[in-house]
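Trainee: The structure under discussion is supplied below as structure tokens; questions concerning it will follow.
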Amino acid sequence: MTKKTCFHCGNDCGSKPVVYDSKNFCCNGCKTVYEIFNENDLTCYYDLENAPGKIPEDIKGKYSYLDDEKIVEKLYDFKDGETRVITFYIPHIHCSSCIWILENLNKLNSAISTSQVNFPRKEVRVTFNCKAISLRQVVELLSSIGYEPLISLEDATVSKRKIDRSLIYKIGVAGFAFGNIMLMSVPEYLQAEEFWLDRYKFFFKLIIFVMILPVMFYSATDYFVSAFKGLKHKILNIDVPIVLGMIVLFLRSSYEVFFNVGQGYFDSLAGFVFFLLLGKIFQQQTYSFLSFERDYKSYFPVAVTKINKDRSEKNVAIYDVKKGDRLLIRDKELIPADGILIAGNAEIDYSFVTGESLPVTKKSGDKLFAGGKQLSGAIEMEILQTVSQSYLTQLWSNDVFKREKISGIKSLTDSISKRFTIIVLFIAFLAGLYWYFVDVSMVANVVTAVLIVACPCALALSAPFALGNMLRIFGKRKLYLKNADVIEDLSKVDTIIFDKTGTITNNKAKVFYDGELLIEKEIVAVKSVLRASNHPLSRMLYEEMEDVEVVEVSDFKEFVGKGLEGRVNDINVKIGSAQFLNTKNEEVLQTQSFISINGVIKGKYIFKNSYRKGLNAIFNELKSDYELGILSGDNDGEKQQLKTMLPENATLIFNKKPTDKLNYIKGLQNKGKNVLMIGDGLNDAGALVQSNVGLVVSENINVFSPASDGIVDASKFYKLPKFLKLSKKTLKVVKMSFVVSVLYNLIGMMFAITGNLSPIVAAILMPLSSITIVIFVTLGTNILASER
Amino acid sequence: MDIIFLMIGVSIVIAVVFFILFIKSVKSGQYDDMYTPSVRMLFEDEFISDKSKVKESKSINQK
């Protein structure tokens, strides 16, 4: 049997595909999307890319809050008359087909005038006429074609971030000045004794001087600010010698120009600033589709449905939810605040919070915690705490989230530059002293030349280019770091703390069968019945039975929150909870599904978390260099098993609240440890922020990750030791490049001390040293990365 | 040889014009998204050819 894959989404269609227009579909949802596209002449969607689609989710009623003008007010980017502009974040955007279909939204609904995709950010900006189509309809249209936008509380509370383009302007100014000043300096380089050139020399210099002003006072402002801040905190950071060099360059060149002594070093100055800014932009490159600043607001809904006393429903903004309110939580909706379950079958998926992938069943009267996702039908709950005071969300009131992480203060470059600055000042002093006795007129000349040549351009460039390049290499290997400084922090780590659930365990549970063995016919029947269900446990079980055939099922019934029933030929299958099958459940703590065939209970499937592949190897590789530890919010049921995997000195801590985790990390840091925290859920958010480096393991990097310094794709988790090694080696490359750049400075110093630093020597030496350093570190890091 | 003033003036004016154009293009958001336009420019033709393809297939069906 050849496997048929869905024309729309590429999933396996099973043995009974839905056929339409002589194409196979895995489900009616996919078929419907195809129909929509087909009717509107948009089937080109499928020509650009193979099976680019996604099964549309059922969103009935989910977006009814978008009809409330007051709630959606803040979501708009722009509004004028009947025109509305809004930007949606759509996680599914992944290929050129996506861009194409989303930019042709106006073909689906003429009330949408334009839509523009920003692919790297996974955003689409839609302009529509609010008289002809409501925001809710726009969202529902997007959802109906499988592009459901993610609208979170953050969109409604945070003012729209402005894109900072100042660095590009600064580079533009510096580059413009650099090129033109070089051009104007050519006569001087050639030392041409030509009459006309000689005559207009001053005119040339004047133009050069005018062009250098914006470079000095606009492009270089960041360095002045940073050096000033450093001095204020009594730190000689790398920007101090840079700024010192720039000021001396500027003053001496101005003196030379206006007193007609020489031509000045303005070309070097402009080039210097230009190269420095290039390094900055290289290092700044980040992953715009990822956010490293997310807190619970990025996941919580904008509004919820409140049930009034008279049973009528009303949409209220999430911050208006008060203690005692009754809320209606629909299927696949998030619980916004702590409360008590009143009615309905609650099956809560807490994977956002704890990383636990198996849903938890709750009975009415049980407590529900904020952050869980309801999986089986609608429930009603009564709120006990407001949104910001819930068990999970109060974590964000901790001070850690308010202060900015101070990084880079003790960075390698700065510690070197401190010594460097002192030595340079010393040399300048000695050289000045020497010339004072030999030739007093040369003193100022030599001292300024020393300071100019010592300006650590190459030194300042090596770290940005080495780290920036490594950042990119890591990105290609699916470790996405917030910025280049994280690599340096990563290399200093000596303690690694892991969260348990979801971090070192898989999101795919292992399934064990306990009970009377099933004969093949029965297994086929069980799998066939499971196929029709979308419940996560059913999906897991279905995927577990890989090589089993699927046949047609009759009389299929799904009892939400309880179980499934179906008939295959003469076999009647029932799968579900103990309650559903009227049997006793001895082990309540386990997640399990019971099976009954023709009314007889045969046994049960037990779901257990399994550890990630290669976890043992990771621990073994890391234990010699790092102190390891486990910090879990769960019970200590797996303590014995973990003990055998971890080295003896490892610490295992269980039953920790989110704030406890944070405090534990703080305690380690007070003992002088550099801690790398590896977590995955919102309950780790505090620990991740507090730690020196917080890494998040994520199964789907686009959909979910708490605030952190870096995100590693779960499939590459086993490479962690290699990543750590690479970051250490990168720092070695940086150190080597420091040696090279100091050599250049020494050569320049020779010219300077002997009083021979002509503008042309400076103009050659400066770019030459910068370019060799850039080539050196780029090659170095690339070679490192290609090493096995 | 005073022409040199004019020449330099012209060259600087040209440079400044380009510089202003650059600033303008940055301001308009041209450099915010460096990827999507490279894909987008390939689309227009696809759409037209697709329409004709649809018509073709329809006419084939009618035969």
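Start at 1 and count along the chain as shown; that gives each residue its number.
Every residue, even glycine, has its Cβ placed from backbone N, Cα and C.
Sharing the features that TrEMBL gives for it:
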- A:5-77: domain 'Putative metal-binding' (DOMAIN)
- A:301-396: domain 'P-type ATPase A' (DOMAIN)
- A:167-186: transmembrane segment (TRANSMEM)
- A:206-228: transmembrane segment (TRANSMEM)
- A:235-252: transmembrane segment (TRANSMEM)
- A:264-282: transmembrane segment (TRANSMEM)
- A:420-437: transmembrane segment (TRANSMEM)
- A:443-467: transmembrane segment (TRANSMEM)
- A:733-754: transmembrane segment (TRANSMEM)
- A:760-785: transmembrane segment (TRANSMEM)
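Let's see these features in context: how buried, what's close, how far.
Mentor: DSSP assignment over the domain 'Putative metal-binding' (A:5-77) gives 27 helix, 10 strand, 36 coil.
For the transmembrane segment (A:443-467), the residues of the chain that approach it from at least six positions outside its boundaries are 238-239, 241-242, 244-246, 248-249, 251-252, 265, 268, 272, 275-276, 279-280, 282-283, 411-413, 416-417, 420, 424, 427-429, 431-432, 435-436, 484-485, 487-488, 730, 733-734, 737-738, 740-742, 744-745, 748-749, 751-753, 755, 757, 762, 765-766, 769-770, 772-774, 776-778, 780-781, judged by C-beta separation under 8 angstroms.
Cβ atoms under 8 Å from those of the transmembrane segment (A:733-754) belong to residues 412-413, 416, 420, 427, 431, 434, 446, 449-450, 452-454, 456, 458-459, 461-463, 466-467, 761-762, 765, 768-769, 772-773, 776-777, 780-781, 784 of the same chain, restricted to positions at least 6 beyond its ends.
Sequence-distant contacts of the transmembrane segment (A:760-785), counting only residues of its own chain at least 6 positions beyond either end whose CB sits under 8 Å from a CB of the stretch, comprise 182, 185, 188-189, 265, 267-268, 271-272, 275, 279, 452-453, 457-458, 461-462, 465-466, 469-470, 473, 726, 729-730, 733-734, 736-737, 740-741, 744-745, 747-748, 751.
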Trainee: Mean pLDDT, the domain 'Putative metal-binding' (A:5-77)?
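Mentor: So the average pLDDT across the domain 'Putative metal-binding' (A:5-77) works out to 79.
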Trainee: Counting only residues 6 or more past its boundaries, what in the same chain has a CB within less than 8 Å of a CB in the transmembrane segment (A:167-186)?
Mentor: 204, 207-208, 211-212, 214-215, 218-222, 263, 266-267, 270-271, 273-274, 277-278, 280-281, 284, 759, 763
Trainee: For the transmembrane segment (A:206-228) and the transmembrane segment (A:420-437), decide whether they are in contact, meaning at least 3 CB pairs lie under 8 A, counting pairs 6 or more apart in sequence.
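Mentor: The answer is no, given that the two segments have fewer than 3 Cβ pairs within the 8 Å cut-off.
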Trainee: May I ask for the residues of the chain that lie six or more residues beyond the transmembrane segment (A:264-282) and have a Cβ under 8 Å from a Cβ within it?
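Mentor: Contacts with the transmembrane segment (A:264-282): 167-168, 170-171, 174-175, 177-178, 181-182, 185, 205, 208-209, 211-212, 215-216, 219-220, 222-223, 242, 245-246, 249-250, 252-254, 256-257, 452, 455, 457, 460-461, 464-465, 468-469, 759, 762-763, 766-767, 770, 774.
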Trainee: What is the number of residues in the domain 'P-type ATPase A' (A:301-396) that are helix, strand and coil, as DSSP sees it?
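Mentor: Each residue of the domain 'P-type ATPase A' (A:301-396) counted once, the result is 10 helix, 36 strand, 50 coil.
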Trainee: Short question: which residues 6 or more past the ends of the transmembrane segment (A:235-252) have a Cβ under 8 Å from it?
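Mentor: Distal contacts: 212, 216, 220, 223-224, 226-227, 264-265, 268-269, 272-273, 276, 409, 413-414, 416-418, 420-422, 424, 448, 451-452, 454-457, 459-460.
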